[in-house]
Amino acid sequence: MAINPSLLFLSLLFLFNGCLARQTFSSQQSQNECQINRLRASAPQTRIRSEAGTTEWWNPNCQQLRCAGVSVMRQTIEPNGLVLPSFTNAPQLLYIVQGRGIQGIVMPGCAETFQDSQQWQHQSRGRFQDQHQKVRRFRQGDIIALPQGVVHWSYNDGNERVVTINLLDTGNSANQLDNIPRRFHLAGNPEEEQRQLRRLAQQMQGRSERGEESEEEEGEGEEEEEEDNPSRRSRHQEEEEQGRESSSCNNLLCAFDRNFLAQAFNVDHDIIRKIQRVRGNRGTIIRVRDRLQVVTPPRMEEEEREERQQEQRYRHTRGGSQDNGLEETFCSMRIKENLADPERADIFNPQAGRISTLNRFNLPILQRLELSAERGVLYNRAGLIPQWNVNAHKILYMLRGCARVQVVNHNGDAVFDDNVEQGQLLTVPQNFAFMKQAGNEGAEWISFFTNSEATNTPMAGSVSFMRALPEEVVAASYQVSREDARRIKFNNKNTFFFTPSQSERRADA
C-alpha cells in the first residue's frame, strides 16, 4: 500500500510538536523550580567521620545550590592523614582554608616525571626505581583546579589540621551524568559517604522522607536474608571469601573479578586479594603508620620559585602582555595559585579592604573548567558596593569574621538580608544584586563563580553603571535635581568599596 506523503508529513509534524512541547514543559518546570524568593546562609548538612579526618557536605538538594548546578563539601585532614585516591564526575575548585601538605594529580596519558634519587643510585645493584607523576605542595590560601575524571590524592605532612572547601560544578557541560555529586573512590571504604550521598540523591529525585526510610529498611532486610540463607553459605569457598571482603569494600577495584584484575595487573591472586580486602571502617581519609615518603620538591625552594613566577606573570599582565595559555601543554599546565598574599591583590583600598581574583587569564586551565574565583577581605565596618554578577552564579563561603549581606531579585524583593557567619555558605544567583558590609571584626571570604571570566557590574562608585549614565538620565529616572544627580554619580570616588566613615556621615545627615 502506498503511503500518503501528506499523511506522513502530518504524522511527523505531530510527533515533533509533541516532543517540542515536552521539552518546553520540562524547561518551564525547571525554570519554575528556580524562582528563588528566599536565600539562606547554611552550614553542612552531613558529616562523615574517617580515621584521620572528616568530610562534610552541604545538601545539594537545597534550592539555591540545585539551581546554581553546584555541590559543596568541606574536608578536614588531621596531621599524617592521607585522602585516598578518587575522582569526581564534575570539575572542581579546591580552596585551602588552613594548613599545608602535598597533593598528587594523575593527568591521563602524561609521563611519570618524578623519580626517587636514592633508588636511582641503587638501581645498578638491582633495586627497582620508583617514579610517579608530579607531586605539588599546597599551603593556606591556595586554590587548586581539578578537572573532572582526574585522579587526585592529598596528604597532610604538617603539624596542624588541613581544612579545604571544595566546589563541584555538577551543572558543567563536562559532566555528562546528572547533577548528583559523585566521588569515584579507588581505595578505602567509602560506604558511609556513599550512603549519605545516596540519601541526598533520593531527595534530589523527589522521593519523600518516608519512602527513603522504607527503602533503607528493605535494603537491610535483604542483607539479613542473604546472611541467613544456607544455600548462599554453601557456595564455593573463594566466592564466599570474596563476597565477605567486598561487602566491606565499596571502592571501584572491589567489585571487579579477582581473576580479571590479576591478569590486568600481571600479579598474583594474593596481591589482588590484599587490594580488595579493607579491614575496619577507616573511611576515605586514613592515618599513615609512618611518615609518607614521596618525591617532592623542597618546600621553600618550590614556594620561592612560585612567587617569582607569579611576580613575573603579573608584571607582564600589567604591561599589556597577557598569557594566552598556548605555551602550556596538558601535562604541564598550572593548576594552582595562591590568593592569600596581600601583595597579590587586584583591587585594594587601605581603608576598606582588598580583592584577589582568579580567572582564565591568570590560570588558563580555568577556561577548560568554566570556573573562576575571588578572595576578599573587608576591614572593620567597611563594605562592598552594591553590584550584580553579569554572567555567573556566585557561591560565597565565609572564611573569617562575619558580614551583613543583602541580595535583591528581579522583582526588587530582598531575598536575603542577614549576617553570614564564619563557616557558612551563601549562593547569589546570576544577575541578583547584592552588597555586603563587614562586622566589627572584619570579614574574609572565598567566592566561586560558574564562569571562567566572571564579570560584575557595580551600582555605585567610579566604574559603576550610574557613573556611565548621562546626568539628565539620572535626574529624570530618579526624579531628583541635577545637583543631586551629580552627587549620586561622583561622590564615591572608590571603585568597589565604601568606608565606614562615609556610611556614618550619610546616616548622621
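Glycine residues also receive a Cβ, built from the backbone N, Cα and C atoms like all the rest.
Look at Swiss-Prot and you will find 212-228 tagged as compositional bias 'Acidic residues'. As annotated by Swiss-Prot, compositional bias 'Basic and acidic residues' applies to 299-314. Marked as disulfide bond by Swiss-Prot: Cys34-Cys67. Marked as domain 'Cupin type-1 1' by Swiss-Prot on the basis of sequence analysis: 39-273. Residues annotated as domain 'Cupin type-1 2' in Swiss-Prot, with sequence analysis given as evidence: 337-486. Annotated region 'Disordered' per Swiss-Prot: 187-248, 298-325, in sequence order. Look at Swiss-Prot and you will find 1-21 tagged as signal peptide.
When pLDDT is averaged over the domain 'Cupin type-1 2' (337-486), the result is 95.
Helix, strand and coil residue tallies for the domain 'Cupin type-1 2' (337-486), in that order: 25 helix, 71 strand, 54 coil [DSSP]. DSSP gives Cys67 (disulfide bond) a helix state.
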